[in-house]
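*Asks:* Before anything else, here's the structure in question.
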Amino acid sequence: MCHDEAEESMVYSYTKSFNAFAAKLSSDEANKLAARRKFKAETDIIVALFDTGITPESESFKDDGSLGPPPEKWKGTCERSANFSGCNNKIIGARHFKLDGDPDPTDILSPLDADGHGTHTSSTLAGEPVPDASLFGLAKGTSRGAVPAARVAVYKVCWISSGCSDMDILAAFDAAIHDGVDVISISIGGGSSDYTLDSISIGGFHAMKKGIITVTSAGNDGPSQGSVANHAPWLVTVAASSIDRAFKSQVLFCYEESLDSKKLKGKLVLCKLASWGTESVIKGLGGIGTIIDSDQYPDVAQIFMAPATVVNSTVGETIHSYIHSTSSPTAVINRSYQLQVRAPFIASFSSRGPNPGTQRVLKPDIAAPGVDILASYTPLKSLTGLKGDTQFSKFTIMSGTSMACPHVAGAAAYVKSFHPHWSPAAIKSAILTTATPMSQRVNHEAEFAYGAGQLDPRRALNPGLVYDMNEMSYVQFLCLEGYKDSSIAKLIGSKTVNCSSLIHGLGYDGLNYPNFQITLKDNQKTTFAIYRRTVTNVGPARAIYNATVRAPKGVEIIVTPMRLVFTKAMQKRSFKVVVKAKWDPNMEGKMVSGRLAWKSSRYVVRSPIVVYSPYVDDDHDVVKVINENNVL
């Protein structure tokens, strides 16, 4: 806009008490201004990743000069070494942590990523747009992170040989909190079910105290019940869902009348229940390709170093019959191709609830894309990591709750950029209560698989109401759970805690959580649970919300009051939810779910209500406790 046009568009100039002006803009000009404001808000957000490091030379982290210097709040550092090119205005911080001092011969003692996992998650979270990205032509398009204008701070805590140690994770938390990050993304699983002993739980609690939200992966031990990791209520726990594309390779069988002896070279081998790297073994023995017969993880694309494909057991039986039907069986594995599929559904590998740490809190919290995700990769490792693999690519396809976690961390950063003063609990509430409900017909474990549902970042910006909490809320919860005063004191960094002198947390779970879970007792015909919740109005000043309840068979849900009236912004209103459920021995190890939705003329604020009937027999393996930290 030139000077004359600017003068014509100006309506009024404010000069007496403050400097400002009012101007008329076209819709195009207004959109450009809004985009610039959004970009500026996003560039002030710093996202931290605890992972295997980063590849600074990747196009996803280029500094084209549009970002400007790091935000003034940034207090971190960037390591420089012979093998790490350093930082820019995109990657503003990079450090490595290996406090045991032991060398890792397969890795590099710097923030440089020799594994590829950290580069992939970092670019998924905050990668700059890269056009024509693909894996050898598959998934071709523009690769971009959830918040492409955000700044990246990398804390390398995971090592190829030794994994991710508790002391390194805690050191990274200590540094990230000091450095001034806004969001922490941790695609690491395992740990302890005791919230006062788990490194991610401890670090996440201290981050929460400083207003930093910690987003974690749920784990890849699904579909086993009770396998979910990172389940403390102050963490956001993310399950992996599918996207609307898949990759297939057709296998053509040539019956005797179609055989051409000139085309037969080597052997194509059928392997049943193959392990990782089977195709490389077959290739080493002179085979030209492998067909793997396996029902494990049917929803995930796999990368092979030699021609190979995976078929399910039904197709495997057909192939087996064909092999024995002719003296010279032959087949062709065609080139992989992309197709569109229905989505989302929860990945078979994604860890499931119930929460092994507490029977009162639903986990996982939410689901996000984690299947066949294309993102940046390291040039230091082949696509399979197998000996003899000569395939390298700037981008690759990975699956895991590790890939889902940065999607939600990006959504948290997105919400934070618009609402910088919201607490971690408020941001988490906004993400959970605006999630898109998922189908129980497709996902049989229902909320134990997907929590509140599928992530919807745009709706999370304006949730209408939020369930807020502070540090004391979680302390009251821990007291209710029966943790010792001394254990709680160590967790929160206090000299003493006396649960008996504290005001008890209200209701069944002692929390102001956006989800509800009741666990039935087998020695009672009916279990009662009373929940007390408070919501804060973050929408229009004047609003009326009415409660809509859906209760499953055999469960009664009563909400009091059924209407919440708000007359100003940030006003709080409280309500009570009573859940009555009957014990049914036929429901052992199973769950049913209902829903509470607060509806206004503009918003729907949803909360799942889960009723779980645990196994009575202690021999049932309901809860699986994992004691090692690993990248997911």
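Glycine too: its Cβ is placed from the backbone N, Cα and C atoms.
Reproduced below are the annotations present in TrEMBL:
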ACT_SITE  D51  active site, charge relay system
ACT_SITE  H117  active site, charge relay system
ACT_SITE  S402  active site, charge relay system
DOMAIN    5-39  domain 'Inhibitor I9'
DOMAIN    44-453  domain 'Peptidase S8/S53'
DOMAIN    511-611  domain 'Subtilisin-like protease fibronectin type-III'
*Asks:* Could you please provide the mean pLDDT value for the domain 'Peptidase S8/S53' (44-453)?
*Replies:* 90
*Asks:* Taking 10 A as the limit, how many CB atoms besides its own sit near the CB of D51 (active site, charge relay system)?
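*Replies:* The Cβ of D51 (active site, charge relay system) has 29 Cβ neighbours within 10 Å.
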*Asks:* At a 10 Å cut-off from the C-beta of H117 (active site, charge relay system), count the other C-beta atoms across all protein chains.
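*Replies:* Its Cβ shell of radius 10 Å holds 25 other Cβ atoms.
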*Asks:* Run through the Cβ atoms and count how many others sit within 10 Å of the one on S402 (active site, charge relay system).
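*Replies:* S402 (active site, charge relay system): 29 neighbouring Cβ atoms within 10 Å.
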*Asks:* For S402 (active site, charge relay system) and D51 (active site, charge relay system), determine the Cα separation and express it in whole Å.
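*Replies:* Here the two Cα atoms lie 10 Å apart.
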*Asks:* Quick one: pull the CA-CA distance for D51 (active site, charge relay system) versus H117 (active site, charge relay system), whole Å only.
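*Replies:* Cα-Cα distance, D51 (active site, charge relay system) to H117 (active site, charge relay system): 7 Å.
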*Asks:* Summarise the domain 'Subtilisin-like protease fibronectin type-III' (511-611) as counts of helix, strand and coil residues per DSSP.
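*Replies:* Per-class counts: 3 helix, 63 strand, 35 coil.
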